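J.: One structure, as structure tokens, below. Some questions next.
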Amino acid sequence: MLTVLFAASLLTTSSLAGPISDAGRSLSGLVDSPALFPRGNGCSASGNLPTSCGNTTAVENLCCFEHPGGLLLQTQFWDTEPANGPADSWTIHGLWPDKCDGTYDSFCDPSRDYKDISQVLSSNDASDTLNFMKEYWLDRDGDHDKFWKHEWSKHGTCMSTIKPTCLSDTEHGADAAAYFDTTVKLFKDLPTHKWLADAGILPTDNQTFTYDALAEALKKGKGVSPRIDCKDQTLKEVVWYFNVKGSAMAGEFIPIDAPEGKKGSCPKDNIKYTPKSTKAKGKNPKKGKKN
């Protein structure tokens with residue numbers, strides 16, 4: 001079974017974590033890294049490992065070095081029509097391993113396209129992760145398991161450090177369980193709604209905001225500038241960028257600014273941050289392409 005240790009400092013699903021240090025956060029205290037990696041490959045000693053997108057020489061052990069997707073994106077939704085997730089929290093879109101130049105691979109291993117993500121998580125002792133996902137990782141059309149399967153198949157299978165050969169656990173779907181567990185833990189350290197609220201920026205129908213105000217609030221919270229995306233001048237998505245030192249499962253996520261040219265699609269001003277509607281959750285009349 002995939003072994004997951006929930007640190008005492010990790011907040012429960014009813015309360016998202018507050019700001020963390022700008023230096024990054026190691027997940028080694030949250031995941032039982034010695035049990036996850038085979039034959040003492042040294043991944044737990046991340047201090048001696050290169051940082052993704054920062055190496056100048058080839059790294060042979062890709063269980064300890066995320067490559068070629070060394071630019072990690074934790075993407076978050078603000079869905080309002082219909083409302084998705086709690087009124088005081090953004091929701092998870094995914095964790096994407098882009099290449100260092102901003103391009104990306106996708107659907108890297110069809111043999112690992114697991115059909116039932118809920119079952120995979122349950123069978124790998126990741127029920128706490130699954131329960132959190134049911135509240136904070138939601139499909140706008142209501143088919144949550146299909147959404148999770150898509151994110152895993154398109155993005156998770158392209159992460160080098162969570163391939164089955166990097167796991168000592170041979171349970172079916174242990175790699176997918178590691179992907180979802182890692183994504184959830186990272187999301188809990190990125191309380192986008194709280195950081196905006198701390199700056200007096202709350203969802204409202206009676207006020208608009210400037211891009212600079214949004215960007216300043218989020219940078220104050222995390223110490224780096226994310227990508228901020230809008231649709232029709234309405235705030236819709238935030239993307240947090242990271243490099244990782246060591247394995248994505250147990251290494252150190254190092255926050256970085258959104259790359260040049262990736263600052264987002266919002267206008268300079270008159271940005272709407274609308275409250276989540278009271279329409280039935282999961283019934284979206286306008287289906288869009290999943291990323």
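In case you wondered, yes, glycine gets a Cβ from its N, Cα and C as well.
Automatic, uncurated: that is what TrEMBL annotation is.
In case it's useful when we look at the structure, here is the feature table from TrEMBL:
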type	residues	note
SIGNAL	1-17	signal peptide
ACT_SITE	H93	active site
ACT_SITE	E151	active site
ACT_SITE	H155	active site
REGION	257-291	region 'Disordered'
COMPBIAS	278-291	compositional bias 'Basic residues'
J.: Among the active-site residues listed here, H93, H155, which has the most company in the form of other Cβ atoms within 10 Å of its Cβ?
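T.: Answer returned by the neighbour count: H155.
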J.: Quick check for the class: what is the C-alpha distance, in angstrom and rounded, between E151 (active site) and H93 (active site)?
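T.: With the alpha carbons as reference points, the distance is 8 Å.
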J.: For E151 (active site), just count the other CB atoms lying within 10 A of its CB, please.
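T.: For E151 (active site), the count of other Cβ atoms within 10 Å is 25.
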J.: If you measure H93 (active site) to H155 (active site) at Cα, how many Å is it?
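T.: The Cα atom of H93 (active site) is 11 Å away from the Cα atom of H155 (active site).
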